[in-house]
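Q: So that we are looking at the same thing, I have put the structure below in structure tokens.
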Amino acid sequence: MKTLLLTLVVVTIVCLDLGYTMTCYTQYSLSPPTTKTCPDGQNLCYKRWFAFIPHGNKFFRGCAAACPKAEHNEVVRCCARDKCNL
């Protein structure tokens, strides 16, 4: 009986974890931090900015299924933890 109860507890924990969704920062540049729950399948947070802007960098943040490719003079950083793209 104890084994059955333990098995049910473990199965419940595993099933609850399957519904996990990522949360990322989504603000543009230096706006106050905002967060977004990412859609299913988007399990990465990203932060992208242009490397050579004379009067400070403009940052773009959000969720992604795959790390976005950096364009010319652009830097992209991706991570796989909640709110890791600040």
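Placement of Cβ uses the backbone N, Cα and C atoms for every residue, glycine included.
As the structure is a computational prediction, the values presented were derived from the model and not from experiment.
These came from Swiss-Prot, pasted as-is:
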type     : residues : note
SIGNAL   : 1-21     : signal peptide
DISULFID : C24-C45  : disulfide bond
DISULFID : C38-C63  : disulfide bond
DISULFID : C67-C78  : disulfide bond
DISULFID : C79-C84  : disulfide bond
Q: Which ones are near C84 (disulfide bond): of the disulfide-bonded residues C38, C63, C67, which have a Cα within 10 Å?
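A: For C84 (disulfide bond), the disulfide-bonded residues whose Cα atoms are within 10 Å come to none.
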Q: Can you give me the Cα-Cα distance between C63 (disulfide bond) and C79 (disulfide bond) in Å, rounded to a whole number?
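A: With distance taken Cα to Cα, C79 (disulfide bond) is 10 Å from C63 (disulfide bond).
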Q: Where does C84 (disulfide bond) sit in DSSP terms: helix, strand, or coil?
A: coil
Q: These are the disulfide-bonded residues: C38, C45, C63, C78, C84. Which one scores highest on other Cβ atoms within 10 Å?
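A: The residue with the most neighbouring Cβ atoms within 10 Å is C45.
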Q: Run through C67, C78, C79 for me and report the disulfide-bonded residues whose CA is within 10 Å of the CA of C38 (disulfide bond), in sequence order.
A: none
Q: Restricting to the same chain and to sequence separations of six or more, state which residues have a Cβ under 8 Å from that of C67 (disulfide bond).
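A: L44, Y46, V76, C78 - these are the non-local Cβ neighbours of C67 (disulfide bond), listed in sequence order.
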Q: What is the interatomic distance between the Cα atoms of C79 (disulfide bond) and C45 (disulfide bond), given in whole Å?
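A: Distance between the two Cα atoms comes out at 5 Å.
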